Every structure is written in structure tokens, then in C-alpha cells.
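Novice: I am attaching a structure below and will ask some questions about it afterwards.
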């Protein structure tokens, strides 16, 4: 099968090295080979080449395969009992007469994912064989969900060389991204541009440069003539070339074993027809396969040993990360211990320590948290700013013992994920993509943000509130004297007044003490009817009650005990009412009354005259987007479809819209900011109602940042 130039050179060099350095104590033999270069995707060419080699009487076949040629080769090998030694990717199924030099990588990848505690990641593969990996991971990871900062590349080495430039072009090489390269040649790939962007890169290496066999090989390899062995001197050794070299060691060791055991595997006469029906297998092929599987020899790729199906066993894979000085070994993996971390410090996404460097603190220009000083034009660095978060960042730096530099976020946003591109903006984006080390700002702690960044404990508690323009002072009306008491109370007073008057009238009618004759009645004309002998007629009763209520009195008063009791009760009632009215009237005269059209979120949701919105790219907008409460769902439905847009780019923009709207726009923002603006000149906004939720501001760091655990 077709191989690269260096793999072919390594194969020929291994054969030459064996033939010229044999142990003379044993009966020597030479390794001879016949080479066929062909396109493995052409089934006819593969069949013709295999039959050609078989008819020549070969003892074993070395070569590469792909998915298209794999089934053809394994079928021929199984039917004709011809061993096929290959450095190609391992076969998942159990096949005979195939000796697989390349160890499987699934176990190492799964162990590394577990070590990094990844629950969500993206798996990218370029061939059909890569898809088989997802079936193996399904047992451990039930669901595979896209996440921007998790990538696993399963590619051929040649294709892998073209992936990093794509990563750089797309801007995915910044801090916060972590890539695992799922092949066995981590040191063969140039990843400088990806690493210098801040991304963390992990991978695997089957060649141990400290192995004496590797060092001895490289010394000889560097002295070879490139005209005879192309890519032997100035080209880094590929892991597939090392596997090709080891394959010759395995074949040679197997035949040594057969010679020592005096097993006759010679092929005399015709080798037979590989296309015969039924197929005639080679009788000694089983002995050669058994000898190949029994080989245990140290090689370029470590201990070489096989199981009953010809797969590598008892091998060790080194795990590397890209560091400032180049690839650095952080551990190793084997079938028994799984992943073993040899680094002293725990894993961190940060590629460098927080010590001896200036920490970039991202923040946002938002009063009273971060503001320019009045004389900031004459100042430099952190001295240009003042505010709550500026002081907080200074205290954190003093406590932790770090140097820092304040950096105002360029887009002026807190941070939200774009639904289409899935990228983060604002301060969250600064942390996710490695442009900042920490965020000290009025950044709300939310579940969505905690998926991509870490938060400290809240340093301030707050909630979403409603800001409206302060209503104009109400002009007193003709009946404004009624305002100190509710209209219901006034109605009760009227009914009480009428009721007391009627009761007083009836009591006076039934009591004999209220009936009398005036002395002047006897001098009057007998023919003239006398005046009523009772002072408390219905009109006098109403006049008496009204006079008592007005605390003025009148010329008549009840004489009977029952009438005086009714009058006394009424006087006491009027005393309480007038006292309360006088007290409330004094308050109404000294306090300006303002009538607010909105008192709660429910009021906003059920009306259409007053528009309302939130800050774009912020936690408040995300709160309404994700809310399952009917009122908030209704509000979100209105906000996302409103024209013109009700979302403000910055908080000052939203406040300015409230002030210019003449009471026709309400702005939803954090309560702390709302209360602060309400107390600042021109004092024309106000907070109405209670908070819609409860949350807090926190200091944010990238996932796994060393700053997260500094005390």
C-alpha cells in the first residue's frame, strides 16, 4: 500500500540495519522485500497487488490501508492465512492475521477527558473511522453538546498540519479554548501560532525521546544520505515512520523465534492462486501469525507486545501540553494505571502563572462603579479611574499580591452569547477568549455565564427593577380638600351623618322629655295653631349633626337622656375624624403629590401605551428570554418584537431614553443602578415597585484560572 516518503525510508533503513547487523551466533537470514505502490482506494489495484505478492511466495505483507481497502485486505489475509503487519489505525473488530503496530487511542482520550472534567465538548473528525470514536465515548458521555471552548481533533497527520491555520484565521486560538489532538505525534505538529494566541493544547506521543533506542536510532538516522533515504536528516521523525521501523523489528524477531524452534515455514514451488474457489490457505501461515503475536521486544514506540487478535497491549502513551518552551510532558497513560499526572501543580487552563506578570482586569464604564476622574486627561494607567469597582480591584490586588492593569471593554457590553454564531461579547467574551484575566465590574452571576466562566461569591446583592420618568407635580383641583381621606371614608361619613340625624329625630319623637309648650303659646290667639312642641324635627336634627361635625354647635340641644347619648357618640366620632383629617391635610400641604402610571411589572405587561425595554447583551435581557413566568414571558414577547427596538446599547442610553420619552418608556435595570441614578441630578427618574428577582454581582475569571483559587 502507498506510504509517505519518510515511512518508506524508515522501512528500508530498518531492513538494511537488520541485514548488516545480524547476530552471528544464530543462523543468519536476510530480509528481502518487494514494493508495490498503489492507490488503496482502487479495489482492483489492491486485489491485483495482493495476489501478485502472494504468488511470489511472500511470508508476510507490510503496508498501509484505509477504510476502503481494509475489508479487502483482511478478507484475503484471513482466507489465505497470510499475515499483514500494518502501522495504520487500529481495527475495532476482531480479525485474524492482522498485526496492528499502532496502539488504540480511545482509552487515553477518555481518561484525559475525565481528568479535565469535560462534560461537553465538540468532536471533529475527517474520516469515517473517526465516527467510531463517538460510539466508544457514548458509555461515558451520554450526550455530546457543542461548546465553544472544547475541541477534539481526530485527523491524519497530514490533515492535522492544515487545521491550526484555520483555527488562527477564525480567531479560535485565544485563551479559553482547549484543543486535544487525538493522534500519537504531538511533537510533529507546529502549533506556535495557536499557542501564542493563548489557547491550551493537549495531545499524545508514542515516541519517547528519552528512550535509548530512540536516541541511538536518531544518531544513525541523521547520518543517512538523503539521496538514498529521503526525509531522513532534516525532517522530524513521524510516529508512523517509527511504527514502520518497529514493524521490521517485529517481523525479524518472529522469524528468529521460528528458526530457534526449528519450524519449517519455507515455501517451495508454486504459492498457489489467491483467487481460487474455494481458497487454498497457506499451511504455514498460522505458525507465522502465532510467532508474530508472541513477539515481545523493546522498540522505538516502547514495549511491543500483542494480544490474541494482533492488537498492541501493555504499551504506554505519553501525554503532552504545549507550554512556553514547547511541548511538555504532563503525564502518561497505560492500560493498567490509566492516566497518571506527573506534574506537581493541578491542571489549569492558564498557560502561565499569575506571578511575575501584569494581570489584565476587564471592566465597563458604568457610574458609580467605574468612572473617569475629572482630571483624567493628565493621568495615566489605573490612576485615570475611580469608583466602587476600581477600589475593589485595588483591594483584591493588594490582598493577592499581583500587578494589574484596568482595561475598559471595547464594545461596552457586559456579555451575552449570540444565538447564531454562539460567540460571546462584552466582558464575558474578554474572559472566554483570553483577552483578560479577571473581570471586576457590576457583572451579574447567571447560570449561562457560569457555564463558560467562574464567579466569586457575590460582593453585592440586587435585583431587576423598573425605572420611569418622575411624574410632574399634580395641580390641586376644586375638590382637592377631599384628598386627605379616601373617597370611601367620605361616603361612610355622609351615611353616618344621615343615620345619626335620623336616629336623633326618632329618639326625640319617642322621648316625652323632648316635648314641651312655650309660655308664649298661652297668649296667642286660640284660633291660631300652636308651634310644634318638639325642637328636633328632621331639619333641626340634620342641622344639629352638621354643626357638631363642623365643631360649631347650634341653638338647640337634646334634653332627653337617649338624645344626649346619641349626640355624645356623634361628637366623639367627629372629634376623631376631624383630628385625622387635620393631620393628613397638613401632610398633603407640605408633601408634593406625584401620580405614577406604573407600579409593578404586571402594570407594564397589561398596558400598551408605555414602552419598556432592557440593556442589550446583559443579564436582564437573558432573564426575560429564559423566564417561564407568564408575566415575564408576555413582556419578553413584546420586547423582542417591538419596533423600534426597546433594547439599549448602554445603561446611559437607556436612562436618556427614559428622560426624553415624556413618561412613555420604562427601563428595566439592576436596582442598585436605578437607585443611584434616581439620587443624581437632574433627579427626574424614579424606581417603582419591588425587585423582579434576586441576584448578585461577582468577580469573574476564566474557567480553571489560577486566580480563582488564590487566597
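For all residues, glycine too, the Cβ spot is worked out from N, Cα and C.
All TrEMBL annotations are machine predictions without curation.
Grabbed the feature section from TrEMBL, which reads as follows:
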type	residues	note
DISULFID	51-274	disulfide bond
DOMAIN	368-433	domain 'Ionotropic glutamate receptor L-glutamate and glycine-binding'
SITE	417	site 'Interaction with the cone snail toxin Con-ikot-ikot'
SITE	598	site 'Crucial to convey clamshell closure to channel opening'
SITE	625	site 'Interaction with the cone snail toxin Con-ikot-ikot'
TRANSMEM	485-507	transmembrane segment
TRANSMEM	569-591	transmembrane segment
Novice: Restricting to the domain 'Ionotropic glutamate receptor L-glutamate and glycine-binding' (368-433), what is the model's mean pLDDT?
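Specialist: Within the domain 'Ionotropic glutamate receptor L-glutamate and glycine-binding' (368-433), the model's average pLDDT equals 89.
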Novice: Rounded to the nearest Å, what's the C-alpha distance separating residue 625 (site 'Interaction with the cone snail toxin Con-ikot-ikot') and residue 417 (site 'Interaction with the cone snail toxin Con-ikot-ikot')? Just drop the number here, would you?
Specialist: 12
Novice: Using C-alpha atoms only, work out the spacing between residue 51 (disulfide bond) and residue 417 (site 'Interaction with the cone snail toxin Con-ikot-ikot') and round it to an integer in Å.
Specialist: 59
Novice: In terms of DSSP three-state secondary structure, what is the assignment for residue 417 (site 'Interaction with the cone snail toxin Con-ikot-ikot')?
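Specialist: Note: residue 417 (site 'Interaction with the cone snail toxin Con-ikot-ikot') is in a strand by DSSP.
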Novice: If one measures from the C-alpha of residue 598 (site 'Crucial to convey clamshell closure to channel opening') to the C-alpha of residue 417 (site 'Interaction with the cone snail toxin Con-ikot-ikot'), what distance in angstrom results, rounded to a whole number?
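Specialist: With distance taken Cα to Cα, residue 417 (site 'Interaction with the cone snail toxin Con-ikot-ikot') is 32 Å from residue 598 (site 'Crucial to convey clamshell closure to channel opening').
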Novice: Please name the residue among the disulfide-bonded residues 51, 274 whose C-beta has the most neighbouring C-beta atoms within 10 angstroms.
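Specialist: The residue with the most neighbouring Cβ atoms within 10 Å is 274.
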Novice: Just to be sure I understand the packing, how many Cβ atoms besides its own are within 10 Å of the Cβ of residue 625 (site 'Interaction with the cone snail toxin Con-ikot-ikot')?
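Specialist: Its Cβ has 16 other Cβ atoms within 10 Å.
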Novice: Long-range neighbours only, meaning 6 or more apart in sequence with Cβ under 8 Å: which ones does residue 417 (site 'Interaction with the cone snail toxin Con-ikot-ikot') have?
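Specialist: Spatial neighbours, sequence-distant, of residue 417 (site 'Interaction with the cone snail toxin Con-ikot-ikot'): 423, 424, 448.
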Novice: What kind of secondary structure is residue 598 (site 'Crucial to convey clamshell closure to channel opening') part of, going by DSSP in three states?
Specialist: coil
Novice: Within 10 Å of the Cβ of residue 598 (site 'Crucial to convey clamshell closure to channel opening'), how many other Cβ atoms can you find? Include all protein chains, please.
Specialist: 18
Novice: Which of the three DSSP-derived classes (helix, strand, coil) applies to residue 625 (site 'Interaction with the cone snail toxin Con-ikot-ikot')?
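Specialist: Once the DSSP labels are grouped into three classes, residue 625 (site 'Interaction with the cone snail toxin Con-ikot-ikot') ends up as helix.
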Novice: On the DSSP side of things, how many residues of the domain 'Ionotropic glutamate receptor L-glutamate and glycine-binding' (368-433) fall into helix, strand and coil, could you say?
Specialist: 27 helix, 13 strand, 26 coil
